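K.L.:
This is the structure, below, for whatever I ask next.
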Amino acid sequence: MSGFNHFLLSLCIIGCIFCSSRAWHVRMPSNIKGLLGSCLVIPCSFDYHRWPPRRPDHVVWYQHVSHGYPLVYDKDHPGNVIDIFKGKTKRYGFTQSKTCSLKIDPVMLSHHRQKIYPWVDPDNVGRSTYRFFDTTVTIEVVETAEKPEIMFHGDMKVGQYVQVECSVYHTCPSNPPTLMLSSQTQSKEIIHTNTPDGTSRTTLKSKLLIEKDSQTVECSVKHHSGQRASTSKILNAKCSFSSLTITPTPPEYLEGHASKVTCTASYTCPQDVPVLTWNYKSMPASSDTKNSAAAQWSTVSTLTFTPSANDHGGSLTCYAIFSGGRTQVSIPLRIKRNMLSRGWSFTTPGSITGMRGSCIIIPCSFTYSNSQPADLPVIWYLYQNKRYLPVFAQTESSFSRFKGRTSLVGSVRDGNCSLKIERLEMSHNQNRIFPWVDKNPIASYHTADQSFSEMTTELIVSDQALAPHLSINAIPRVGEQNKVSCSVRHTCLSAPPTLTLNGKDGADVPVDTLTSDGIWQRTVEKTWTVQEADVSVNCAVRFHGGQTATNELRLNVECPYKEITMDEPPAETIEGVAKTVICSVTYTCKKNKPTITWNFEDMWSTSYTKPLLSNTYMTVSNLTFIGSLTDDGKPLTCTARFLTGETSKSATLHIKKYDKPVEERDLHENDGTRVLAADVPFRYNALTRSCVVIPCSFQGDELLTRGIWSKKTGGVVFHNGRSHVLDHFKDRTRLLGNLNEGNCSLEIDDIKPFDNGPFCFHAEKENEKYRFNNSCVFIVMKASPEKPVMTPVPAEVDAGSTISVSCSVSHTCPSHPPVFAWSVSNLTSEDTHTLTTQGVWKVTSTITFLVEGGDGVKSLTCTATFWRGKQQASTVKLNVKGSLMYQFRGSLPVSIPVSAVVLIIIILASVFGVFIWRKRKHTDDSLKPPPRPEKRRSLWDRLSRRYPEDRERPPRPEKRRSIWSRFSSRTEDGRVGWHERKPRKSFWDRFSRHQDNTVDLNVGYVNNSTAVNCGTHISKQRFPSPKGNRRPPHSGRPEV
């Protein structure tokens, strides 16, 4: 019973300590930088919900050491402050409640790497309430000031104002640095902000006028210590070009009268001086360029314009050609016709087009140089060479073609002589008409040497309607409102055409506007909200003559998206500790789903998409970020890539090294367990998704029966009884060592990003529990495996040579080491495993390979595949030479035997050929003399066995002689005798046509008969010569 009471008492004590430690917390950065000679403010705040201090304003700072409490700051005992901080520390911001900030001024080199901590009301708040020394800050003294940062915001165009921001980070908010800009700026504003990592940011904002397309902006900072730093940034801006303007723009020009017209081009960059030209190139013009203001330049071209009657209805155009392209501006021309000496002039268009069956109004205005007579008659005539056929007259009938169709529009008193023609016919096409506004008849004015042809208006009648014009006022984007308009030109305001806009909801409300002389434009507009399914819009027009036309406009709807946002970007994280970072982007159109990527590989990320409103969606990407010390200061960027573009968001990483706590405490340290010594690294690296083997050993003679690994915050990671293990670690942990041998190593397979721990080892022996000092480990996660290291290779290698190379990589998973793969075929391969430091293994792959042919730079790649699939590769370059010689040497073992065989075959064939030729040449031909030399035989004929058609063939032997008989001394007819030996012929004589005609006398014995042949020309057959002059005859019996 006493043991159980002791156990309950221990639990109560632990609970009290745990609860009291959670009743307080102190917040301050774990590391902070201070500029040498400047001041340093360490932001600090505390809070509590139980056991409040009696003197909350009494804050003391101590130096963190193994033993004792050296003072850094104490208002009540300033003389006890250690020398390096004496007279340099004081509280900062003590007017605010629950603050413990400390100011150090000035910062000295002796403060570098000093670790200090605050203690609130140390006389009344003890370590049992809160362990203040567990929350420390390390001072890092830097000797050089950081450079400020410059940013530009606004429209980067020359002549425009942009906002310039120059900011610098520092740790002295009580005496912030001074920022200055080298350029002339306006509306300066200084802003001071605090960052979560304890630093302060001072920003200078001002407006800057961009005067050049490329100008340098410099920002300098001066700190409280007097140290300075500066930085510069080039501002690249676009040169702008304003629209051209033509002045003056009178309503009318008088025919034959010269006027001055100017065209002005305004621009911002002096190198963009344009070349101004006019469409009337034959008329004189001059140009002038000047600088009107800062970033304001202008070029003016002055034209002396003298119009003619044919210019009426045309346009006066000014062109500007500059380095960035070409632009132009035009004004319409209205030319008054000058009626010579009659004292009046009129204005009408040179031609006008109308639709068959519709009406047309020919605009006409006139003026008198003096006072206008009263009751002026207006007559319109059809232009003829010798006649004046009236088209319209108030006092006489009109020409039959126009009878009942013409009327005046407007008031003659107001100088209006416009004519309206109803129901146009094709017979009116190309008729030329002109007005006569005079009290005297036209016959009294017209003479033989004068003509009205230049003062007429040509009627053009068309029977084919032009397609209407469709346009939208902006790029159609899903979810936004847009306006579509359909317009067509006509000449009959009293009976305009009918426009119908299809594909969009709403009524068609037409609007007619006068665009030029006698030309009206009817427009129908509709406003709608753009949908993803919108493809096109159609417009149809129908005139009164029955003519129709349609037009279609493809919308090419765009799917807009917003800027991607990063929720809770990582401010300051500990190396190897996973942190979830979320990026989200909102967009329209289901088909425009983006792909969100991160700039860090081998890190686990998931994405999902959810609908928001109509045609609006959101894609979210969750990244499990694991930082390393090498990532400190780098940006973490998420990018959403759409079909039409991309958007990115970045945050600067601040990675802090994991430091061993001052005192490692296990939950079991006060439960009456026995304490032993263990050897476990306080930090250990592990590759996510792979495995990790945590080295653990202890000394002692105790025979332990159970080894247990648990999280320091609670929860069993490994236990012999599976039911005791947390679900998150079930079937992923095992004890590799033998406890009886003092080995307590733990393997965690398929390591997860958040399996950092710390994990602590303890053991049991039956009912007795054991605790170990230095038995806790913190796992620093690595998202990417280490890169393999290859041994150096020669700068140049010969093709066909043999090279040995090694590739090694470190890991912490000896139960499943990495596997190597090479990009070349190897002759030999060997893998070795070496334990380098406590629990860290190095696996080395050594191969010997043959360098293949092919001159040039080749790649040799070694790829290490870690447990569960993660890979890392390393590549070196080989400069291969001597491939041609290598190929020649490689072909020798095959080419030499083949060449020898071919040579032997050729020699044997030659010998056999000579042998056959000699045998054929000396064939017995004694019964037939050689051919007469009427015709010289060719070399082939001499060697061939074939005979020409004009030569007699030798008789075919009755029986072919055997090989033995050919070499025998017996004759073919069975005679045995001897022959007179002839001299051997030379090589040339054998082929010559001159043969010796000699008598060959053969005497021999014939079986049962004796024959003597005389005077017969017989050629001696070629037989082996006898060894003597005479050979005895062959002994044999005569045949019966």
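Backbone N, Cα and C atoms are what each Cβ position is placed from, and that goes for glycine too.
Sequence annotations record features per position, and here TrEMBL assigns signal peptide to 1-23. The feature domain 'Ig-like' is assigned by TrEMBL to 148-236, 242-332, 560-654, 788-879. Per TrEMBL, transmembrane segment is recorded for 894-917. The region 'Disordered' annotation in TrEMBL covers 1016-1040.
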K.L.:
Give the residue counts of the domain 'Ig-like' (242-332) per reduced DSSP state, in the order helix, strand, coil.
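P.N.:
Counting residues per DSSP class in the domain 'Ig-like' (242-332), I get 6 helix, 53 strand, 32 coil.
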K.L.:
How many of the residues that make up the domain 'Ig-like' (148-236) does DSSP mark as helix, as strand and as coil?
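P.N.:
Computed counts for the domain 'Ig-like' (148-236) are 0 helix, 58 strand, 31 coil.
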K.L.:
For the domain 'Ig-like' (788-879), what does DSSP give as the number of helix, strand and coil residues?
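P.N.:
Summed over the domain 'Ig-like' (788-879), the classes give 0 helix, 61 strand, 31 coil.
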K.L.:
What is the number of residues in the domain 'Ig-like' (560-654) that are helix, strand and coil, as DSSP sees it?
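P.N.:
Counts, helix then strand then coil: 6 helix, 53 strand, 36 coil.
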K.L.:
The domain 'Ig-like' (148-236): mean pLDDT?
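P.N.:
Mean per-residue confidence for the domain 'Ig-like' (148-236): 87 out of 100.
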